[in-house]
Amino acid sequence: MSSNDRVIIFDTTLRDGEQSPGASMTGEEKLRIARALERLKVDVIEAGFAIASPGDFAGVKLVADNIKDSTVCSLARAVDADIERAAEALAYANSGRIHTFIATSPIHMQYKLRMQPEQVIEQAVRAVKKARSLCADVEFSCEDAGRSEIDFLCRIIEAAIDAGARTINIPDTVGYAIPHQYADTIRQLLERIPNADKAVFSVHCHNDLGLAVANSLAAVVAGARQVECTINGLGERAGNAALEEIVMAIKTRQDLLGVHTRIETEHILAASRLVSGITGFPVQPNKAIVGANAFAHESGIHQDGVLKHRETYEIMSAQSVGWHANKMVMGKHSGRAAFRSRLEELGIVLEGEELNAAFARFKELADKKHEIFDEDLQALVSDTLAEEAPEHYKLVSLEVASKTGTTPEARLVLSIDGAQRDAAAQGSGPVDATFKAIEAIAASDATLQLYSVNAITQGTDSQGEVTVRLEKGGRIVNGNGADTDIVVASAKAYLNALNLMQVGAKAHPQVEGV
Ligand code: KIV
Ligand code: ZN
């Protein structure tokens, strides 16, 4: 295969994925995901929108300072302040990229930007030149390209390439495109723009009509050579194109698509679980590639066929995306070195105090649970790191009484910035009582939008992984907690959400338009 047959995988889980309501991540969580992406051999990791908040800047910088094998990218609107902040965050990257964008559709130019098309071209050119003065690798995106006029796209893209952009992204920002039409747009742009050969054409599809992956693949057939995607399809509204689906479609149907990626697909499942654990967005069981049922054959005819010859009903092997890792990996006699090395295989690097704390939690868990699986380790690390982080609210103790015929009651002690407070409350169940007792102390005024419990592994000794989504004043956060006792896991998740509420809000790149 020639280099022109390679599709660059640009992962935006840490930026567009993080824009899903409630999916915000700390810098340290971003770095853990970035390490898993680097292990997957993702070409470009979009680590955030550096100007959005001090936390976002720190997250991009942390990823840029530590990731060596993937290019690290920051988003920036087409204004000097954004571009300078992105460059600052990327200053120590081994390989950095500034991704600047401006909207190009009539509706965005008229109502959001309130600018004439000529002014938009001028601003795009200025932004690309500014970015090029600070970074050799510059990507330019025409926001809402999916609803932009093709003649205008040709003009602005030609000007952006002349100004120094080396990647041109054609986002279907609102998920409006249909595969053959989107492919036709890419084909026309490649044919009509005189300097198109000086840039890589990229696609970035949202999933509002459930077509993000189909649109991306159609664009690849038409000549696009970068696909922007996210793990588990995380992203704004209905999400972005799912990395695992794009990559496995390209690998499985190489006969038809004739392209390849650099992705080491056997690490896909671990990355999926990490993202789901950190963001609290569970993966639906029937999700392609990474859903629990993706390789489960229920019908007798299918089972019989697979046993006789796997390819009768399976188009790819479960092992090729990492399902073989779903085995008992550790037990109470496993030592610290084995623990550390298994974490490293899962893309989790812990040192010093963090490693000590996680190992102590592992030993506690091993006393309660006979077999410890990869999923347990991932949840345990998330939970340990959340507890190690400086937090406003911490759970000190919890006691619940629940008996048929009586009203469940919870008594708990919280530490609030080091000072202990206790409360008791009754509720319709032990979890409800626990949340009411927490609120008796916190009085947060937040509304509970979602409560979900997921058994991390099989068996009644499984850890329960709880997600609590709280909303206050339009801000949404997802808190997570894991424990073999689901009431304790629920209390941890609720407190985690309250702690996240304390962290400053950030700007949204597409809402705060230039
Ligand atoms: O969807 C979109 O248009 C984006 C751009 C900022 C690339 O996320
Ligand atoms: Zn997007």
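Glycine is no exception: its Cβ is also placed from the backbone N, Cα and C atoms.
TrEMBL annotations: computationally assigned, not manually curated.
These numbers come from a predicted model, not from an experiment.
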For the Mn(2+) site that TrEMBL assigns to H204, H206, N240, which of the candidates D16, D417, D422 is also assigned?
D16
Using the Cβ centroid of D16, H204, H206, N240 as the reference point for the Mn(2+) site, which residues of the same chain not in that list have Cβ within 8 Å?
T12, P171, T173, C205, N207, A212, E228, C229, T230, G235, E236, G239, A241
What mean pLDDT does the predicted model reach across the region 'Regulatory domain' (394-514)?
90
Helix, strand and coil residues within the region 'Regulatory domain' (394-514) as assigned by DSSP:
30 helix, 51 strand, 40 coil
Sequence-ordered binding-site residues from D16, H204, N240 with Cβ under 6 Å of an atom of ligand 1:
D16, H204
